[in-house]
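For A:1-22, the entry in TrEMBL reads region 'Disordered'. The feature domain 'Phosphoribosylformylglycinamidine synthase linker' is assigned by TrEMBL to A:20-64. Feature annotation from TrEMBL assigns active site to A:His60. Per TrEMBL, ATP binding site is recorded for A:Tyr63, A:Lys105, A:Asp517, A:Gly554. Here TrEMBL flags A:88-202, A:459-579 as domain 'PurM-like N-terminal'. Marked as Mg(2+) 1 binding site by TrEMBL: A:Glu107, A:Asn555. Taken from TrEMBL, the feature substrate binding site applies to A:Ser108, A:His109, A:Asn110, A:His111, A:Arg130, A:Gln255, A:Glu327, A:Ser328, A:Gln329, A:Ser557. Taken from TrEMBL, the feature active site, proton acceptor applies to A:His109. Annotation source TrEMBL lists Mg(2+) 2 binding site at A:Asp131, A:Asp283. Residues or ranges marked as domain 'PurM-like C-terminal' in TrEMBL: A:216-371, A:593-729.
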Amino acid sequence: MSEHTYQADTVERAEASPETEQPYEALGVKDDEYARIREILGRRPTSSELAMYSVMWSEHCSYKSSKVHLRQFGERAPEVDFLLVGPGENAGVVDVGEDLAVTFKIESHNHPSYVEPYQGAATGVGGIVRDILTMGARPIAVLDPLRFGPADAADTHRVLPGVVRGIGGYGNSLGLPNIGGEVVFDACYSGNPLVNALSVGVLKKSEIKLAKADGPGNHVVLFGARTGGDGIGGASVLASATFDADKPSKRPSVQVGDPFMEKVLIECCLEIYAEDLVTGIQDLGAAGLSCATTELAAAGTGGMDVKLDLAPLRDATLVPEEILMSESQERMMAVVTPENLPRFFEICEKWDVISTVIGTVTDTGRLRMTWHGETIVDVDPRTLAHQGPVYERPYHRPDWQDALQADAPDAARLARPAGGEQLRATVLRMVASPNLADKTWVLEQYDHRVRGNTVLAHGEDSGMIRLSEESGLGIALSTDGNGRYTKLDPYTGAQLALAEAYRNVAATGATPLAVTDCLNFGSPEDPEVMWQFAEACRGLTDACQILGTPVTGGNVSFYNQTGSEAIHPTPVVGVLGVIDDVARRTRSAFETEGEVLLLVGETLDEFGGSEWAHVVHEHLGGLPPKLDLERERQLGEILVAGSRDGMLSAAHDLSDGGLIQALAESCMRGGKGARVVLPGELDPFVELFSESAGRAVVAVPRSEEKRFTDMCVFRNVPVARIGVVDGDTLEVQGQFEIPLAELREAWTGTFPKLFG
Amino acid sequence: MPARIGVVTFPGTQDDADALRAVRVAGAEPVSLWHRDADLHGVDAIVLPGGFSYGDYLRCGAIARFSPVMESVIAAAHEGMPVLGICNGFQVLCESHLLPGALIRNDGMLFVNRDVRLTVEAADTAWTGGYKAGQEIVIPIKNGEGKFTADERTLDELEATGRVVARYLDNPNGSARAIAGVANAAGNVVGLMPHPEHAIDELTGPYPGPATDGLPFFTSVLQRLIDSELVNA
Amino acid sequence: MARVVVDVMLKPEILDPQGQAVNRALPRLGFDGVVDVRQGKRFEVELEGPADEAALARVREMAERLLANTVIEEYRVRVEA
């Protein structure tokens, strides 16, 4: 009914009524931002324009608080020759050889997953997969790094099962293997879980698609799902300010995903790409049509005319402001030449995908939208897409940082287990602790096999996907992050996240190439949070330079806090690696009795932010492990060379829980025990549980031991023989012995007990 | 000329690429079939692969069953053409009444992706000739609605007539009598909840293995086609 | 003994992929003239005692806390005659 009675706020009306009060504050637009919009337009914005500026200039879309820090990722990136598309596009693209390119990106869907865990997590997967699809690639895998409040908290039992079912429900229905991620618990994530999603896709190097509307006269096509009132809580302010007819009183803030629609949209797009039918393409994510039209127009010839009333609607009562802000899922926008349009429609029809021409590319430099013939938007699209506000937010090192770092978990401060009995009990307690325990209960809900190219998945150091059956070319991916380390020292903490993901990729035999990051932080308006953010960005940039892995894109998620209590700063880093032949991948499992176990890297007394201090003493203080990035790089090269030259039977990175956790996991995965003789002069507790960086444990055949250790010595990386693969117990000589069955019972029992 | 084996793609099908690969690895010529196309393009056998046809929103397989290709598949199956339905394909075959019973939500209520041990009970169907009756194999399952159910009389009849094709050793979803797969009376139509197409390759098959126990489903039908001279030279 | 029925439906403004998939399939099967389909859940709750106001209040609480996810769903409680 509103279609007839709705009186749009037109450009003409805006010009005639400059004094009209507009509810910009309720849309999150600041006084000075509103003044700037008026200055840009030379008049007050129409309510549709205001809607567009409010979403495009939001933190989420404009990166206004983070931009000044993110710039260094590009400006101080390492020189590489494989980067085809860098930060700023929908996702970065990397040349992996054989005329193939890989695009990958990580994103957050934290807040929606707290409100409605299933749909929040599901649409998080859907959104990142569309980003990959938009680059012209076939999505081929997803990874989901997750963080929740304490494992035994009531709210975690509401959030976690829903999030896991949502990721499985959506990802499995898309036919995308889920090959990695993390499940981490910490009280700081109570009321603010982190649900990050990474997707990766593959395409021919020559077929990269970009989000730009080129060629005046070309059609602008909206295709996929109809537009509903999803995620436009804010727009109701506008609707009621300009119009007060009866309409659904509440617009849903929850977006519901339709994975079936997305699956057909993927196949439909890939068929359209294969015939080269689009000149530009953009997915509709945050800020929906506002974002897609402005970004396409701003990056292309410069102008676009859109008849907004042509957009297919799920709810006929939607008004233009709402249509522009709607975040309905599973929608795409393409720019298509008139010659290609009939074939484009044919393919959409084949897949039962609704497609509608809603506009035309122009060379006017203006984005103009009409609603039943009346002009409601007339803006320079670049002012929306590129000329948003940029803030130099004030930041300073928190006053409490010194005290936190001074509170080191040394032996005098935290009681350490001594003697075989206590160490044995600690091992069993640690492997059963939620962060270190077996995650099968979660992982069995994900399909990691579909598409038949998954060479490694959960339980290995990184996920690995075969790209070519002929050559064996493949990629590896790992995501890592440690909020506790980053809280203790944001600069080093972010670097440690990168180093761990880098090490994990190398441990499987792949050469680390490039980085995507999801920067989860509290409020940027808090100078202490802003300092954490600035330090983390600086740390990541510095580390990327040394490791030679550029950041290709990612996502910033601010305002992760409950009241004034921010989460631990949690940069989650994804590293992509390439492997020339997946047949030589290295598993983490000890499979062959009699093989020699070597510890590569140096162990120090480092327990700041460690899993042990967290589990046993609920303590967080001191400094995170030291990081020697040059050595980290050497270790990576050793692990890759060991794989290439056939020296390695198994490799497993040492991180959370230290050496004993890595040994336990590799033993259980391979079903073989180990006899371990601790090498050094350090306290056995330190040898077993320290979380020193830059380390890995490997299994090598006896015949390869000398060659491998020579290689380590040559590269100046410490290496020590620590035992052999043997029997069905994990034995640390002179200390304790644990039958694998007992270890496995402790390790696997936790999740079913908590969530089963 | 090798045998041609068709793999049907419905909207929402996921494992079609895997099934096509399995057919190729087995030595047959893989042929993609589209749900809207009633023409079977001269194939000698058909695989209905796994996935979530039409989102599995109403009931698994319920909408796919009415697609044009299924009319032809049903007719061909009645005339003896070998048809294998895997997971969602099994559900489509049940909805089509080519196979008895139905697949309902797992006992555990959750989607389960796991390598499971099976015994091949019937080695005389078109798709299982390459196994020995009683042979134990490892093949993955991945489903949320994979619990096989049928009335007692039907179950008794399936058992008595040797139409239980495979049985779980550790029933993962509460299936009646641990049934993982069944055949029609003629033995040309087989429905299987586990995914043999995910167990054809040392690199991507079950770990720690055996990794290729699924391949004989595809080589068996090839042998059957050769034996019965269904392949036109 | 009384039977109380709880119908749970997605709120009207929430996307219903299930209903839409069925809606799209109907014309293919020759059922024309259908404008929309929405899919929901029906619970039949058998009570020991009569379905009096107190009992219905309890069923409403059940629906609120367990049967429906009130973030995206709404429910209706009625007594089956």
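Think of each number as a place in line: the chain as shown, counted from 1.
The backbone N, Cα and C atoms fix where each Cβ goes, and this holds for glycine too.
Structure coloured by features recorded in TrEMBL.
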residue	record	DSSP class
A:His60	active site	helix
A:Ser108	substrate binding site	strand
A:Arg130	substrate binding site	helix
A:Asp283	Mg(2+) 2 binding site	strand
A:Glu327	substrate binding site	coil
A:Asn555	Mg(2+) 1 binding site	strand
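Cβ-based neighbour count (10 Å, all protein chains) for A:Asn555 (Mg(2+) 1 binding site) stands at 23.
Only sequence-distant pairs (6 or more apart) were considered; of these, fewer than three Cβ pairs between the domain 'PurM-like C-terminal' (A:216-371) and the domain 'PurM-like N-terminal' (A:459-579) are under 8 A, so the stretches are not in contact.
Annotation: A:Gln329 carries the greatest number of neighbouring Cβ atoms among the binding-site residues A:Ser108, A:Asn110, A:Gln329 [cut-off 10 Å, Cβ to Cβ].
Taking the Cβ of A:Asp131 (Mg(2+) 2 binding site) as centre and 10 Å as the limit, one finds 25 other Cβ atoms among all the protein chains shown. Those residues noted as binding ATP (A:Tyr63, A:Lys105, A:Asp517, A:Gly554) have their most widely separated CA atoms at a distance of 16 Å. Within the same chain, residues at least 6 positions away in sequence whose Cβ sits under 8 Å from that of A:Tyr63 (ATP binding site) are A:Leu70, A:Val556.
When the Cα of A:Gln329 (substrate binding site) is compared against those of the binding-site residues A:Glu107, A:Gly554, A:Asn555, the shortest separation belongs to A:Glu107. Nearest in space to A:Asp283 (Mg(2+) 2 binding site), taking C-alpha to C-alpha distance over the binding-site residues A:Glu107, A:Ser108, A:Glu327, is A:Glu327. In sequence order, A:Pro87, A:Lys105, A:Ile106, A:Glu107, A:Val515, A:Thr516, A:Asp517, A:Cys518, A:Leu519 are the residues of the chain that are 6 or more apart from A:Gly554 (ATP binding site) and have a CB within less than 8 Å of its CB. The record assigns A:Ser108, A:His109, A:Asn110, A:His111, A:Arg130, A:Gln255, A:Glu327, A:Ser328, A:Gln329, A:Ser557 to the substrate site; their largest pairwise CA distance measures 20 Å. The record gives A:Tyr63, A:Lys105, A:Asp517, A:Gly554 for ATP. Within 8 Å of the mean position of their Cβ atoms, the other Cβ atoms in that chain belong to A:Leu70, A:Pro87, A:Ile106, A:Glu107, A:Thr516, A:Cys518, A:Leu519, A:Val551, A:Gly553, A:Asn555, A:Val556.
Chain C comes close to none of the recorded positions A:Lys105, A:His109, A:Asp283, judged by a C-beta to C-beta distance under 8 angstroms. In the shown protein chains, 24 other C-beta atoms lie within 10 A of the C-beta of A:Glu327 (substrate binding site). Rounded to a whole number, the C-alpha distance linking the residue listed as 'active site' with A:Asn110 (substrate binding site) is 12 angstrom.
On a Cα basis, A:Ser108 (substrate binding site) lies 7 Å away from A:Asn555 (Mg(2+) 1 binding site).
Fewest Cβ neighbours within 10 Å among the recorded positions A:His60, A:Lys105, A:His109, A:Arg130: that distinction goes to A:His60. Rounded to a whole number, the distance between the Cα atoms of A:His109 (active site, proton acceptor) and A:Glu327 (substrate binding site) is 13 Å. Across the domain 'PurM-like C-terminal' (A:593-729), DSSP classifies residues as 55 helix, 25 strand, 57 coil. Spacing of A:Ser108 (substrate binding site) relative to A:Asp131 (Mg(2+) 2 binding site) is 13 Å (Cα to Cα, whole number).
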